[in-house]
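Peer 1: Before anything else, here's the structure in question.
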Amino acid sequence: MSPTTSGTGRPQTPTRRLLRAGFADLTRSATLWQDAELQRRLPADAGGDDGVLQALGVTADPDLALLHLVRLASVPAAQQTVERLLAADQRSGEGVARGRLMAVLGASTALADEIVRRPALLDVLGDGDGGLGADPRDVRAELLRAVGADPESADPVAALEPEGADAPGWPDRDAPTATDALRRAYRERLLRIAATDLTAPDPSATLPDVGAALADLAAGALEAALAVARSQIPDHGAGARLAVIGMGKTGGRELNYVSDVDVVYVCEPATDEAGEPVLDESAAMRIGTQLATRLQKVCGGTSLEPALWEVDAALRPEGKQGPLVRTLASHVAYYERWAQTWEFQALLKARPVAGDAALGAAYREAVDPFVWAAANRDHFVEDAQAMRRRVEAHVPNAEADRQIKLGKGGLRDVEFTVQLLQLVHGRTDDAIHDGNTLAGLSALAAGGYVGREHALRMGACYRFLRSLEHRVQLFGLKRTHLLPTEDEDLRRLARSLGMRGQGAEDLRQRWRATRREVRALHEAVFYRPLLPAWAQLSEDELSLAPDAARARFAAIGYRDPDGAMRHVVALTEGTSRRAKLQRQLLPVMLGWFAEGSDPDAGLLDFRKLSENLGATPWYLRLLRDSGNAAYHLAHLLSSSRYLAEALARSPESVQWLADTSRLEPRGPERLAAEADAVLTRADDPGPAATRLRALRRRELARTGAGEVLGVLGPVQAQAAISDAADMVVVGGLRVAEFAARDQMGLGPDPAANPTRMLVVAMGRLGGREMGYGSDADVLFVHDPLPDADPEQAKAFAELTARTLQKLLSAVGPEPPLPVDADLRPEGRQGPLVRTMASYTEYYERWASVWEQQALLRARPVAGATGTAVDLAERFDAVVDPLRYPPGGLAEPKLREVRRIKARVESERLPRGTDPSRHLKLGRGGVSDVEWTVQLLQLQHAHEVPGLRTTETVAALAAAEGAGLVEAEEAECLLDAWLLASRLRSALVLWSGKVGGLRADVLPADAWALTGLARLLGDVDTGQELEELYLRTARRARTVMERLVYGDD
Amino acid sequence: MDRQQEFVLRTVEERDIRFIRLWFTDVLGVLKSVAVAPAELEQAFVEGIGFDGSAIEGLTRVYEADMIAKPDPTTFQVLPWRGERHGTGRMFCDLLTPEGEPSRADSRNVLKRTLAKAGDKGFTFYTHPEVEFYLFNQMGSSDGPLVPVDEGGYFDHLARGSTHDFRRAAISMLESMGISVEFSHHEAGPGQNEIDLRYADALTTADNLMTFRTVVKEVALEQGVFASFMPKPFADKPGSGMHTHMSLFEEDSNAFHEPGAQFELSKTGRQFIAGLLVHAGEITAVTNQHVNSYKRLWGGSEAPSYICWGHNNRSALVRVPMYKPGKGNSSRIEYRALDSAANPYLAFAVLLAAGMKGIEEGYELPEATEDDVWELTGAERRALGIAPLPESLDEAIELMESSELVAETLGEHVFDYVLKNKRNEWDAYRAQVTPYELKTSLQFL
């Protein structure tokens, strides 16, 4: 290339010319351009504006195209044609052929290799057959002729393979076998399609034709492969009729360049003139199996020419375990009895593509009713949700950013949405049965099931993603659905998609934007039409007819579609700003409610909440502006009665949902400060206590929401609930002392108290392991001031304790926290309050082993702690020798613990309760684990300081650390304790019921179990949850029996 | 209404069938039957038949007694012994909860689940049981002496032998119900017979065994004798076992077969056997579920009391039968502990699970045992690493209690129930004073 002068008068260096033409790798391409063989083929004006350089420049990857052109120029058999094409005028027929060649060279290394290997293919690019829009019958005939079979025959048979290379009648001299002949003919046609596709002005517009042409080509190849298979077996398999049914993209006539071809085979014995079968069924099935096996080998087996694709028959009844071919009756029997919902979804795309046409048609007719009745099957909703989860299942992290097909917003997502809508509405409307995704989508729009605008946009996204996938596959003719990472690859893709002048980054952005739009459209397409007509956002929005809306509500899991429609109407009615905001919000929320265990209740509660808060300016704005808040709200309302009620009670809590950090526990200090502020303002005990209880209610709701939304783990949640209880007890004591002073006429000053009080938390409060419905177990201790009248001190202490109990347990608007002092010395017979001295004496003289055990949970919580005279310290000093006995537990005491445990098991369990299902007292339940841990504490806390804790989890960890339990045993115990604790919480959260007979029993009915399973999220179904709990508890029980009872 | 269901309705109409028995099996393997009239059949197909499960062994927990039996129309058969006119039909049922989910307590479902799990790994499980049982003359009362119908021995052909007629009648009745019989002959004990069912997938075999037991009892009654599947009716005569041949198939090929390997046995086959051996003790309470089962297991004369395997070793627990050249697909192994009184659904499930465990974990198979293990001394057996099966139901229960494998296979509900039930059986047995004790002690003490 010598410097010339362009129109602008600036000298054109070779590099500049390459740059202007669109080349990127300038140095290398400049060298390639100078290749001697190429230069010999080039016409005089090759570097000109109209010339070869420009023709290369418009391809997807000019550098790549040039490289392949240089390779081609050195192949002797190609040189003549190449020279002719390069010299052609751009506007002539030859010029078009040149453009097609360049486009292929610049976009597909695999096809370029093929042309270099078979230069005769150059003629294919110029013979005027563009491959698209061909009659499927002609394609079939072409491929049959390629294997020497007669296209006119009903059961064409391929010619027998010749002995020598040019035996007469053998169609392809270069193919030693019929298999190779077929593959060569297939590639020829593939090249035509690719060349047309790559030179199309708008790839997205051409996409449906390309998919159809590829599917027809695959169908023709299957037909020809069947002809080859027939030629290989005795009698050409005349005894059997075999139909090949295309499934998946083949069936939908929307195939990729490279993908497995999904098929199903139907086989029947052939019949004679009288209509009698000529063979018995099993003989016919053997022949059918032989034909199918050989057909698959012709397409996908090893031979001289590369394989076409795998023929995949895994969608057949029973999958890979099932027989390869079946009779029609056997297919039908399977679909009647065994098939799963997803199999009917797959059948939606079934289309006869090769073999016996009449049998194929009979198959389609026979399976059709199953497909369109699938939405009526039991469990359709659950199945559809499970299928959706599989579609959305996150792809491996390494691929998440590159997957075109899978994951949210991928191709599968679009296909699934279309198919699900077809299944739901196709039952009553035959017009929407098309197995092709784009055709199905148009039909759904035409039938009034999807808004036209939405359908158009979804179609456009689909076309873009498919075109992208096609281009990625074309490059190496590899089955891949991953976007490449290298910039140069992305640049090529961008240019081949008509995004000329845009680079890698633009493509990445458009791809991401498309995925986002698919997601958004999914909501819009599925849920928006559920809103009534007047509530639509614009004129062209669609509203479903009542029957269709009912079907769709039912299909997504609403048990009372009419009720749901009423709520939707009520929420969106009117012209207020509120109604307008609801119209934007509601569609997506309808979908979210459907993910919970009770969508109907969720929607109803949302309506109530919205009616309550409608006038509040922040409410709807928050839901609209924070995606999190709306999602969280929908989730809580549809899966937890407890929280639905809590939110109805204090609607302002909805504000937390926008920002999960507000769901984290406030921590003891902030709670204490808040309680302090409340009490400092108060001057009347009753209302003050009510305010404290309200604070606790708020914290319970916060903790519940945090637990359901996964912000808090079970141990954190228990600690948060316990902190709130601590706060109420501390504040309550202050109020009670105030009231006692008032009643005894001692005046307002705390300094006038005749004694110092200490409240010691016991049980779950002591262990900081409270649930939503736990009582507060306590001991009351007091210590009279040295100069006080002992009687007055006692009276004051008792009055204070009783007042505290009354204030916190009294019936009132806020939830009570019953304060239970039954663990005190002598139980209910003993005095409610004792002095420190009395405790000391009692414990020294009378303490029984169960009291020692109970004291393991003792934690001073309120009163004179941290002061100059620290009662807490003194109390601990009294009880430590009891709960952490020096030298461990003597044999008689150990026996006593075991005996009590055995008695408790038989006596405390409520009558008629299955011991394996009682979460607290049952086998392997909370109590089994805690006894085990507490026994270890009694035995070893004197030597293992870590065991001196009131908390079960911490003690268990310490025991494991000290080698007192095996790691495996500790894990069994911890698993069981955590699961039982979570189930107890979940029972309250799900049912909204605190306490009651069933509060600690794993429910037996499926509805409740499913609700709990959704709330916990470990397993999918209620049955699995039940199985999980029973198993976990059984294992813990075994460990408990070993460690507590000493069983082997 | 699907075509199979319509077929059943049509047949019932055409053959003037007056009753349809719906069959299912309780957790102990006892056949349960509820009869419906033809008019109710259509409803039964659509909704199933509700019944109170709490009255049936192991089916439900007391507080959720409602269950649904849903007939499986593919199992429809006319019961031949109810006569041709106004006949009676039967179908097996799947048991469902009121919500329509498969019941956790249905032993048929336990087997289905286990088969599906193996299916996920690409395996289908085939079994071929050899069922032994005794025929006795009808007794006047339940404590009268037990009189077998003949004094024949192994393979004896008895002239005018009543057992001969019996087998002919039983087999033709089984065949008329679509159950193929492979083989039948007189067994070693007096009045003892063996009938081998043709191999089929394990679910079909288990269904067939339930039918088989009923047919054998019915035919015996017709002929004025009675049949018993009790594992060991006579202390000094051979017990009735149910040696079961098992094989796994991958697609169409036998996964146990490997040409050229020792005994033509593939690695999969070796691991399957290893699984059976490792878990043999803990599954015994299921495969040999009665107090009486252990009298057979420890009754000598070829009973498989010790956990070992061998090729054609008639004393081994697992036997690899002689390979027939050219019959790769007939490769199989034989488990010899199982007895005729087991619940076949549960027994097949635990056997498959144990074998699959061996495959999943890649267990190593110990050396084959060539000796007659009964001839070895205890010390020799210890040296060879040959452990005994549980000696009593009590011991078997204890082993099962700590078995994760059995718990996982049966599911927690059935697992718990079987343990409880077997514990009760053992306690009741232990409380007995037996004729043996009276005979040996009463006079002397």
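One is the number of the first residue shown, and numbering goes on along the chain from there.
For all residues, glycine too, the Cβ spot is worked out from N, Cα and C.
Heads up, here are the entries from TrEMBL:
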type    : residues                                                   : note
DOMAIN  : B:15-100                                                   : domain 'GS beta-grasp'
DOMAIN  : B:107-445                                                  : domain 'GS catalytic'
BINDING : B:Glu130, B:Glu132, B:Glu187, B:Glu194, B:His243, B:Glu334 : Mg(2+) binding site
BINDING : B:Glu182, B:His245, B:Met246, B:Ser247, B:Arg314           : ATP binding site
BINDING : B:Arg296, B:Glu302, B:Arg314, B:Arg336                     : L-glutamate binding site
Peer 1: When you tally the Cβ atoms that lie within 10 Å of each candidate's Cβ, which of the binding-site residues (B:His243, B:Arg296) has the highest tally?
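Peer 2: By the 10 Å Cβ neighbour count, B:Arg296 comes out on top.
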Peer 1: May I ask which of the binding-site residues B:Glu130, B:Glu132, B:His243, B:His245 is closest to B:Arg336 (L-glutamate binding site) if we compare their C-alpha atoms?
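Peer 2: Going through B:Glu130, B:Glu132, B:His243, B:His245 one by one, the closest to B:Arg336 (L-glutamate binding site) is B:His243.
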Peer 1: Between B:His245, B:Arg314, B:Arg336, which of the binding-site residues has the fewest other CB atoms within 10 angstroms in the structure shown?
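Peer 2: Comparing Cβ neighbour counts within 10 Å for the binding-site residues B:His245, B:Arg314, B:Arg336 gives B:Arg314.
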Peer 1: Return the count of C-beta atoms lying within 10 angstroms of the C-beta of B:Glu194 (Mg(2+) binding site), excluding that atom itself.
Peer 2: 22
Peer 1: Would you mind reading off the Cα separation of B:Glu194 (Mg(2+) binding site) from B:His245 (ATP binding site), to the nearest angstrom?
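Peer 2: That separation, Cα to Cα, works out to 15 Å.
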Peer 1: For B:Glu132 (Mg(2+) binding site), what is the tally of other C-beta atoms lying within 10 angstroms of its C-beta?
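Peer 2: Around the Cβ of B:Glu132 (Mg(2+) binding site), 24 other Cβ atoms lie within 10 Å.
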Peer 1: Among all the protein chains here, how many other CB atoms are within 10 A of the CB of B:Ser247 (ATP binding site)?
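Peer 2: Within a 10 Å radius of the Cβ of B:Ser247 (ATP binding site) lie 22 other Cβ atoms.
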Peer 1: Within a 10 Å radius of its Cβ, which of these binding-site residues (B:Glu130, B:Glu182, B:Glu187, B:Glu302, B:Glu334) has the fewest neighbouring Cβ atoms?
Peer 2: B:Glu182
Peer 1: Sort the residues of the domain 'GS beta-grasp' (B:15-100) into helix, strand and coil with DSSP and give the three counts.
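Peer 2: Computed counts for the domain 'GS beta-grasp' (B:15-100) are 22 helix, 35 strand, 29 coil.
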Peer 1: Take the Cβ of B:Met246 (ATP binding site) and count every other Cβ within 10 Å, whichever protein chain it belongs to.
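Peer 2: There are 26 of them.
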Peer 1: Express the distance between the Cα positions of B:Glu132 (Mg(2+) binding site) and B:Arg296 (L-glutamate binding site) as a whole number of Å.
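Peer 2: Given the Cα positions, B:Glu132 (Mg(2+) binding site) is 12 Å from B:Arg296 (L-glutamate binding site).
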Peer 1: Taking only the binding-site residues B:Glu182, B:Met246, B:Glu302, B:Arg314, which one has a CA atom nearest to the CA atom of B:Glu334 (Mg(2+) binding site)?
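Peer 2: Smallest Cα separation from B:Glu334 (Mg(2+) binding site) among B:Glu182, B:Met246, B:Glu302, B:Arg314: B:Met246.
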Peer 1: Spatially speaking, which of the binding-site residues B:Glu130, B:Glu187, B:Arg296, B:Glu302 is closest to B:His245 (ATP binding site)? Use C-alpha to C-alpha, please.
Peer 2: B:Glu130
Peer 1: Would you mind giving the whole-number mean pLDDT across the domain 'GS beta-grasp' (B:15-100)?
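Peer 2: Averaged over the domain 'GS beta-grasp' (B:15-100), the predicted model reaches a pLDDT of 81.
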Peer 1: Which three-state DSSP class does B:Arg314 (ATP binding site) fall into?
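Peer 2: Once the DSSP labels are grouped into three classes, B:Arg314 (ATP binding site) ends up as coil.
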Peer 1: Just the number: how many Å between the Cα atoms of B:Glu302 (L-glutamate binding site) and B:Ser247 (ATP binding site)?
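Peer 2: If we compare the Cα positions of B:Glu302 (L-glutamate binding site) and B:Ser247 (ATP binding site), the gap is 23 Å.
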